[in-house]
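See below for the structure under consideration.
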Amino acid sequence: MSNLNVERVLSVHHWNDTLFSFKTTRNPSLRFENGQFVMIGLEVDGRPLMRAYSIASPNYEEHLEFFSIKVQNGPLTSRLQHLKEGDELMVSRKPTGTLVTSDLLPGKHLYMLSTGTGLAPFMSLIQDPEVYERFEKVVLIHGVRQVNELAYQQFITEHLPQSEYFGEAVKEKLIYYPTVTRESFHNQGRLTDLMRSGKLFEDIGLPPINPQDDRAMICGSPSMLDESCEVLDGFGLKISPRMGEPGDYLIERAFVEK
């Protein structure tokens, strides 16, 4: 257990019946890059039951934040969803992950493609001033089935632009594009279809993705990752083959290989 820190739950927010987020204390020894994940868990039958979770908070915050689905029969999530303020949670001491901007080649525009709780690592990254220094536009696309699954929408549209540190950069550079597949909404459709048809680019006022200018990061379900990779490959982008070797786009490999 020496590779784990015990943290305390500071707050829990239930977005709807299937999604929740929670904040915990952060051991000062934990250092991570925005976009990385840690293993978190609870003690079950005397042993730690751990799962990989992206850190949704930026690395300069004193707390940690996580974003999760509720799975009624999931070994860990069935328990995590009942967390309350003051409860203890185990967090691994070794963050890792492939969604780090240092593994992207230089470019003008950064596309963050997410579905569901795949938004989590990008919540960390859109609060990173360095991301805005590196790119002229940062496009955050969040695909969900129902409107009430658009977690953090108000935070992204109202709170972030008011940041005293990088609010001006957010106003100038961040394009937030939520899209819904099973209800009426001002943006509708799967993000891969919106990219293929060109509607996404018309809506945001940028040219279609090309390998000279555009970089991307993807986090979502295995099928969404496969399809998004196919679309980006079709635009001529090349994936980063492994950690430490830059490419035009990145996927979170850990969640794929499970």
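Cβ atoms here come from the backbone N, Cα and C positions, even for glycine.
Here is what Swiss-Prot says about this protein:
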type	residues	note
DOMAIN	2-102	domain 'FAD-binding FR-type'
BINDING	Asp17, Val144, Arg145, Thr181, Arg182, Arg190	NADP(+) binding site
BINDING	51-54, 67-69, 74-77, Thr117, 254-258	FAD binding site
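Recorded features from Swiss-Prot, shown on the structure.
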{"residue": "Asp17", "record": "NADP(+) binding site", "DSSP class": "coil"}
{"residue": "Arg51", "record": "FAD binding site", "DSSP class": "strand"}
{"residue": "Ile69", "record": "FAD binding site", "DSSP class": "strand"}
{"residue": "Val144", "record": "NADP(+) binding site", "DSSP class": "strand"}
{"residue": "Thr181", "record": "NADP(+) binding site", "DSSP class": "coil"}
{"residue": "Arg190", "record": "NADP(+) binding site", "DSSP class": "coil"}
{"residue": "Ala254", "record": "FAD binding site", "DSSP class": "helix"}
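When the Cα atoms are compared, Thr181 (NADP(+) binding site) and Ile69 (FAD binding site) turn out to be 18 Å apart. Taking Cβ-Cβ distances under 8 Å and a sequence separation of 6 or more, the neighbours of Ser54 (FAD binding site) in its chain are Gly35, Gln36, Phe37, Phe66, Phe67, Gly97, Leu99, Ala120, Pro121, Ser124, Cys219, Glu252. The Cβ of Ile69 (FAD binding site) has 14 other Cβ atoms within 10 Å, all protein chains considered.
Summed and averaged per residue, pLDDT over the domain 'FAD-binding FR-type' (2-102) gives 96. Per Cα geometry, Ile69 is the residue among the binding-site residues Arg51, Ile69, Leu76, Ala254 nearest to Arg145 (NADP(+) binding site). Closest in space to Arg190 (NADP(+) binding site), of the binding-site residues given as Arg51, Ile69, Leu76, Ala254, is Ile69, taking the CA atom of each residue.
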